[in-house]
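A quick write-up on the structure given underneath.
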Amino acid sequence: MRLPRVEDIEKRIPRPEDFTARSRGPATTARVGTALGIAFGICFLTGLWSHFQYSSPGWLPIGPNPAWLYRVTQGTHVATGIASVPLLLVKLWSVYPRFFLRPPKARRDQLLDVLERASIGVLVAAAIFQLTSGLLNIVQWYPWEFSFRRTHEAVAWVAIGALLVHIAVKLPVIREGLGASVEDETPVHSDGPSRRAVLRGVTVASGLALVLTVGQTVPFLRKVSVFGVRDGGGPQDLPVNRTARAAGATRAASDPAFVLQLKAGGRSMSLTRDELAKLPQRTHRLPIACVEGWSRNAVWTGVAVQDLIALVGAPSGSTVIVRSMQTRGAFRTSELPGDFVDDPRTLLALELNGEPLSLDHGYPCRIIAPNRPGVLQTKWVRELEVRT
Amino acid sequence: MRLVRGLLLLTGLGFGLWGVWLMRDFTSEQLVSMGTFLAGGVLLHDAVIAPVTVLLGVVAARLLPGRTRSVAAIAFLVWATLTVAFVNVLSGQGGKPDNDTVLHRPYGLSWVVMTALIAAIAATVAYRRRRIAGPPRSR
């Protein structure tokens, strides 16, 4: 008995011709790929937008209008990501035989082959990474050591970069594929599904993935979205992202001796919750829109932040630093830019949907402002300081 | 066309390098974790998901009568890709014990119902096609 030689092993590895499904090929790949490319483009742009909303750069001041903006961009980001999963899987299936292409004979072609494979390797790795990390993040499952926010952003640039390189390399094939008919040539090898059937199948799967989850941000689909992470319910009819216990705020927030500190330059003032409740109250309907892709409208009642800072003599368009009682978590302090303070809908809310805030929604008082990521709607507020 | 491709290539390289630049202050622990997920995803797809799918295709081609194969393949496409898309809520992981506004739906049950519905629709379609098409050609 002799040991198998390299050639013997090579013979056992399948070749692209061994895959007989007639529905594969550039006409299928180009169509699914175009849809996937558009989906990734939407995810990339809405993702960048979300980073801008977290910390608005000087050249792009993001204001409170329209109030629903972040709700729409971030809902779209997560929904598009979920709908991309069937597209990515079918796209990879359609080109899987090419994984077994043998390297070309000529030296120069070999180098190009290695470069192309490397770029596709980066693209596939980054694409799977983005969808996986996003899907896990929306269920608050973090089985990794990296920072989700920063890594999801960095790998997004790599993914879109590799995608652009891939389009550049494949452009002639893509054009030919999109030009080619979806109707099959005479089936030769197999009686599997037609191209048209595969394209319809992936459209249905992608649409179902969307409809069965998007109810967490589209109210009339709440009942239909049985695979949504949230169903829109919760205490006072609003979901909670971080409970008082998880934020380490329970003790301070339930202390009856609570007073809110107001500071502006040299002036300061303390107000009890009863005193806050005696100030002129405003009621507004505003959404909570979370980075995890769920959102929900609610009716908030409280004191306008601009009215509060007027008590310590600060002008309406001032920037306000908000400090929370929470002892855990990265967003214990937030900054309300002047544009938001200037908007009378920006409240220090005391009530939610007609009842005093529950502990998990930020009792004794919380910030609610139009068009802000949920995590910046600081709960359990203990101090407002006007930046001078 | 050459110009467009050249611009796409350069922009792509620029984007990719910017992405790598954004990782410049990641700790080695974070980089290793990120690398594991990047490589793990490719490995999971190329070495597990794709071969298993091919294998199932081969088995189905032997077991199923010719006319039902197409329907079975599309039903599998829809079922399998949806299962992967919902694996996060089906995993039983994530959420927080003190927060019942996250992940408190009966996802397993929904998945069983989804599976049954897809199977039932596929069976109905396959049955009706058989009747319309008459008996198979090969006898």
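Cβ from N, Cα, C; glycine included.
Annotated in TrEMBL:
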- A:37-168: domain 'Cytochrome b561 bacterial/Ni-hydrogenase' (DOMAIN)
- A:266-387: domain 'Oxidoreductase molybdopterin-binding' (DOMAIN)
- A:32-52: transmembrane segment (TRANSMEM)
- A:72-93: transmembrane segment (TRANSMEM)
- A:114-142: transmembrane segment (TRANSMEM)
- A:154-173: transmembrane segment (TRANSMEM)
As a quick check of your reading of DSSP, tell me how many residues in the domain 'Oxidoreductase molybdopterin-binding' (A:266-387) are helical, how many are strand and how many are coil.
23 helix, 51 strand, 48 coil
Hey, which bits of the same chain come close to the transmembrane segment (A:154-173), Cβ under 8 Å, at least six residues off its ends?
26, 30, 37, 40-41, 43-44, 47-48, 116, 119-120, 122-123, 126-127, 129-130, 133
For a three-state summary based on DSSP, what are the helix, strand and coil counts in the domain 'Cytochrome b561 bacterial/Ni-hydrogenase' (A:37-168)?
103 helix, 0 strand, 29 coil
Restricting attention to the domain 'Cytochrome b561 bacterial/Ni-hydrogenase' (A:37-168), give the mean pLDDT.
96
Taking residues 6+ outside the transmembrane segment (A:114-142), which of them lie with a CB under 8 Å of any CB in it?
40, 43, 78, 81-82, 84-85, 88, 92, 148, 151-152, 155-156, 158-159, 162-163, 165-166, 169, 229, 292-293
